[in-house]
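Taken from Swiss-Prot, the feature NAD(+) binding site covers GLY9, ALA10, GLY11, GLY12, ARG13, MET14, GLU35, GLY99, THR100, THR101, ALA123, SER124, ASN125, TYR126, and the record attributes it to sequence analysis. The NADP(+) binding site annotation in Swiss-Prot covers ARG36, and the record cites sequence analysis as its basis. The active site, proton donor/acceptor annotation in Swiss-Prot covers HIS156, and the record cites sequence analysis as its basis. Among the features that Swiss-Prot reports, (S)-2,3,4,5-tetrahydrodipicolinate binding site is placed at HIS157, GLY166, THR167, with the record citing sequence analysis. Annotation comment: Swiss-Prot describes LYS160 as active site, proton donor.
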Amino acid sequence: MTLKIGIVGAGGRMGRQLIQAVYHTEGVELGAAFERVGSSLVGTDAGELAGVGKLGIKVSDNLTQEKDNFDLLVDFTRPEGTLQHLAFCVEHHKNIVIGTTGFDDQSKQAIQQAAQNIAIVFASNYSVGVNLVFKLLKKAAKVMGDYCDIEIIEAHHRHKVDAPSGTALSMGEHIAKTLGRDLKTHGVFSREGITGERKPDEIGFSTIRAADVVGEHTVWFADIGERVEISHKASSRMTFANGAVRAAKWLSTKQEGLFDMTDVLDLNNL
């Protein structure tokens, strides 16, 4: 049975890539596409918007009107919008794939609570490569983390609105958890002026915003005399879109629960 996917933020950079990914993936089809109320894109053909040709699906600004046209929602928008879409999914018992970043703790709790009623994949990054890097970081932290300086450097395009990136924070959380540290206590997100010497248990973050960088992350495990770097560079948003569609197909068989790409890719068994 073909899975019908609804995509919110269809006119954005990721939204268009998601439509393309759905179009080129077997076993799924675009059921609905959404934009915010007042958008000039409402009423346009979603396929033409994404460059895959006419699909006969008009961009809508009303999830309720289209609720019978899709089985599952994919959301890469902003936290305030995603929480509204999440409430809709709970009300109408539709699963959701969330790629939005920048949530505060209260919003994350709302997602956890919603997962008692529907199935959710919530990940900071849907790239297969990045999620493999998460696994490698935990292994490196076990071997080197207690005696190395750990620094996370991330770069994204000038339009990204949150910093550090959700992926960088996830990297820090994986490392901190492996080392028995609390990232809220040990994470250092800004250095300026006379900061004093670096504390040995810090996990540092550096952020770059420039031009059209899709996404780059590098983690340093730096010791005196040597440094190990683990890096991932994305050259196209299609890697994230394809991963999100893969997650949607995997999620379609689930009833409730909160999952991430580790579950989708079965990385715990590596």
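Glycine too: its Cβ is placed from the backbone N, Cα and C atoms.
Rounded to a whole number, the distance between the Cα atoms of GLY9 (NAD(+) binding site) and ARG36 (NADP(+) binding site) is 7 Å. In this structure, the C-alpha atom of ALA123 (NAD(+) binding site) lies 17 angstrom from that of HIS156 (active site, proton donor/acceptor). The CA atom of THR167 ((S)-2,3,4,5-tetrahydrodipicolinate binding site) is located 6 Å away from the CA atom of ASN125 (NAD(+) binding site). Excluding HIS157, GLY166, THR167 themselves, the residues of that chain whose CB lies within 8 A of the CB mean position for the (S)-2,3,4,5-tetrahydrodipicolinate site are, in sequence, THR101, SER124, ASN125, GLU154, HIS156, LYS160, ASP162, SER165, ALA168, GLY215. Relative to ASN125 (NAD(+) binding site), the recorded positions with Cα atoms inside 10 Å are GLY166, the candidates having been HIS156, HIS157, LYS160, GLY166. ASN125 (NAD(+) binding site) has a Cβ environment of 27 other Cβ atoms inside 10 Å. The Cβ neighbour count for ALA123 (NAD(+) binding site), using a 10 Å radius and every protein chain shown, is 26. The separation of GLY166 ((S)-2,3,4,5-tetrahydrodipicolinate binding site) from THR100 (NAD(+) binding site), Cα to Cα, is 9 Å.
For ARG36 (NADP(+) binding site), the number of other Cβ atoms no farther than 10 Å from its own Cβ, over all displayed protein chains, is 14. Neighbour list (GLY11 (NAD(+) binding site), Cβ cut-off 8 Å, at least 6 residues apart, same chain): GLU35, SER39, LEU41, LEU49, VAL59. In three-state terms derived from DSSP, GLY166 ((S)-2,3,4,5-tetrahydrodipicolinate binding site) belongs to a helical segment. A simple way to gauge crowding: the CB of THR167 ((S)-2,3,4,5-tetrahydrodipicolinate binding site) has 26 other CB atoms within 10 angstroms, across all the protein chains here.
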